[in-house]
Amino acid sequence: MSALPVDSLKSFADLHPKPSHLTFQYGTAGFRTLGSVLDSVMFRVGVLAGLRSKKLDGKTIGVMVTASHNPEPDNGVKLVDPRGEMLENAWEVHATTLANAPTTDAFVEALSAFVKALKIDLSKPARVVYARDTRPSGPALVSALEDGIKAIGAEGRDAGVTTTPVLHYLVRAINTKGTPEEYGEDSEEGYLNKLTAAFKKLVAGKPASPPLIVDCANGVGAKIAAKLSESLGDTLRLIPVNTATTTPGALNNSCGADYVKTSQKLPPSLASQLKAGQRACSLDGDADRLIYYYLDDRSKFHMLDGDKIAALVAAFVVDLTKASGLESQIKVGIVQTAYANGGSTKYLSERLPVKCVPTGVKHLHHAAEKYDVGVYFEANGHGTVLFSPESLKTLSSHQPSTPAQSTALNYLVQLTNVINQTVGDGLSDMLLVEVVLAHKAYSGEEWDSLYVDLPNRLVKVVVANRNIFKTEDAERRLVSPPGLQTKIDELVRRYNGGRTFVRPSGTEDVVRVYAEAIVRSQADELAFRIAGLVYDETGGDPARRPVEFL
């Protein structure tokens with residue numbers, strides 16, 4: 001066990017001092033705030049990634065520099081563990097501690113204590129692969145990250161400008177290379193080839209789908225969507241729009257999955273392009289979310305969010321397990337959060353086991369791993385399908401007894417390739433949706449009619465301190481501030497089919513209020529009443545109270 005390279009760490013750390021007035025928190029999406037204040041955090045994350053790699057015997061760790069669906073001035077960073085999954089929970093606390101050490105000396109002391117407490121063997125090799133999205137603050141932040149990687153003596157690999165899902169894919173591909181679990185070629189091309197080859201096999205012999213408009217949120221998804229479009233050719237004609245990755249201020253501005261989901265309307269830039277009866281989809285800024293939508297015959301907008309995607313995909317996987325003769329051996333389950341629409345929960349519960357977990361990808365991913373095939377999609381369009389190692393073995397060893405079983409089995413095997421099982425992936429999920437629609441011969445309208453969404457409204461409330469809000473029952477009930485949940489319950493009882501919950505955001509300084517009711521006007525009214533209650537009860541300034549709050 002060699003010693004920490006203290007001199008190297010100190011000389012590099014001095015180049016990246018921590019702003020004294022700021023406190024950083026590694027949350028649901030890693031560190032995320034204004035890009036202009038993240039320099040010290042990036043350096044320290046580089047060091048931490050190297051130590052994480054050493055702790056795991058030199059396995060490659062990933063680092064993604066992105067702020068996803070946030071506005072362009074924001075940026076962020078998150079670590080990716082060896083199988084392409086989120087950083088182990090216990091290490092999030094260490095990341096926060098190291099990021100907040102006030103001085104270079106305090107940082108090196110904290111590092112030393114951390115290495116000792118976790119018994120990290122510093123003589124082990126360390127490897128880190130990293131990438132960034134298209135934000136203007138990205139290059140400087142990557143430079144700080146590289147200093148951290150160098151300072152701890154790790155080997156760095158720059159994957160350049162790419163999507164979050166590609167980086168997650170690369171981490172698993174690098175770490176499984178040459179093993180029986182080899183995930184694919186460890187390059188962006190390898191990722192595209194894997195998805196494209198599987199998609200082509202899955203839709204072979206099916207009628208061609210109509211061209212699909214893909215809103216790329218003026219983010220890094222535009223780059224991969226263009227390459228994917230080229231690889232797919234006529235198998236699926238993609239029309240990428242909102243691809244202005246170098247236009248200042250364009251990223252996520254009136255476009256992208258988050259815009260469509262929260263405003264529940266078409267991006268203005270698509271108004272002249274989308275025709276009645278046509279479907280389209282939106283990615284977010286780093287392409288890990290996907291929202292579909294279509295215009296009906298009267299040109300009315302209809303959104304197909306993560307809940308609709310989960311319902312479509314889960315039913316298809318269940319159909320294939322039955323058709324391949326594996327129904328008794330492979331159990332399919334669905335994982336949702338409190339944000340899932342009540343209509344979807346009812347529809348799915350009648351067909352499959354459904355589990356509700358707290359918001360955040362790590363909670364969904366972890367719960368989905370408990371099924372043979374776990375389907376998880378947040379309503380915001382982030383999700384994937386996980387096949388357990390046991391289910392993969394079953395698929396490879398199963399002997400079909402009829403040609404129909406053989407066909408269904410082959411489809412299941414190819415589904416495991418078209419799906420990015422490391423993380424939610426907007427483009428991979430888009431191909432998955434198009435596979436199911438091709439097999440079912442569904443239009444957007446037919447897909448939408450699987451169940452009826454209950455009208456709902458999501459409202460943000462700016463509060464003085466989001467940390468006073470504590471929840472239980474998978475975030476469906478408040479335990480703090482005391483007494484607030486009782487007042488919420490009294491309001492909800494007045495509404496037919498009313499359901500609501502209040503939770504602190506994991507990514508910004510707000511509290512989110514979600515409300516549902518049988519009638520649209522009542523869902524809106526309930527949401528704004530609860531928002532007003534939360535604002536007033538937690539010391540909101542009456543002079544700044546939003547006019548829509550009731």
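One-based numbering along the chain as shown.
From the backbone N, Cα and C atoms, a Cβ is placed for every residue, glycine too.
Annotated domain 'Alpha-D-phosphohexomutase alpha/beta/alpha' per TrEMBL: 60-90 (among others), in sequence order. Beyond the ends of the domain 'Alpha-D-phosphohexomutase alpha/beta/alpha' (60-90), by six or more residues, the same chain brings 29-36, 38, 41-42, 45-46, 48-50, 52-53, 126-133, 135-138, 141-142, 145, 157, 164, 167-172, 174-176, 183, 217, 220, 248-253, 256-258, 284-286, 288-289, 361-362, 365, 421-423, 507-508 to within a C-beta distance below 8 angstroms of the stretch.
Taken from TrEMBL, the feature Mg(2+) binding site covers S68, D284, D286, D288. Classification of S68 (Mg(2+) binding site) by DSSP places it in coil, neither helical nor stranded. Long-range Cβ contacts of S68 (Mg(2+) binding site) within its own chain (separation 6+, distance under 8 Å): A29, R32, G76, T164, D284, G285, D286, D288, R289.
Marked as active site, phosphoserine intermediate by TrEMBL: S68.
For 104-178 (among others), the entry in TrEMBL reads domain 'Alpha-D-phosphohexomutase alpha/beta/alpha'. Looking only at the domain 'Alpha-D-phosphohexomutase alpha/beta/alpha' (104-178), the predicted model's pLDDT averages out at 98.
Positions annotated as domain 'Phosphoacetylglucosamine mutase AMG1' by TrEMBL: 193-290 (among others).
Marked as domain 'Phosphoacetylglucosamine mutase AMG1' by TrEMBL: 305-442 (among others).
Other Cβ atoms within 10 Å of the Cβ of P504 (substrate binding site) number 20 in total over all chains. Here TrEMBL flags E378, A379, N380, R503, P504, S505, G506, T507, R512 as substrate binding site.
Among the features that TrEMBL reports, domain 'Alpha-D-phosphohexomutase C-terminal' is placed at 458-531.
Close to G506 (substrate binding site) in the fold, though at least 6 residues off in sequence, lie G27, T28, A29, T359, G360, each with a CB less than 8 Å from its CB.
Annotation for N380 (substrate binding site): same-chain Cβ neighbours under 8 Å, separated by at least 6 residues, are A257, D258, K261, R289, I291, D305, G306, Y339. Mapped onto DSSP helix, strand and coil, the domain 'Alpha-D-phosphohexomutase C-terminal' (458-531) counts 24 helix, 25 strand, 25 coil. Summarised by DSSP class, the composition of the domain 'Phosphoacetylglucosamine mutase AMG1' (193-290) is 36 helix, 14 strand, 48 coil. DSSP labels the residues of the domain 'Alpha-D-phosphohexomutase alpha/beta/alpha' (104-178) in these numbers: 41 helix, 13 strand, 21 coil.
Applying an 8 A CB threshold to same-chain residues 6+ apart, the list for R512 (substrate binding site) reads L458, V459, K460, V461, V502, R503, P504, S505.
Other than S68, D284, D286, D288, the residues of this chain whose Cβ falls within 8 Å of the Cβ centroid of the Mg(2+) site are, in sequence order, T66, H69, D133, T163, T164, G219, A257, L283, G285, A287, R289, H382, G426.
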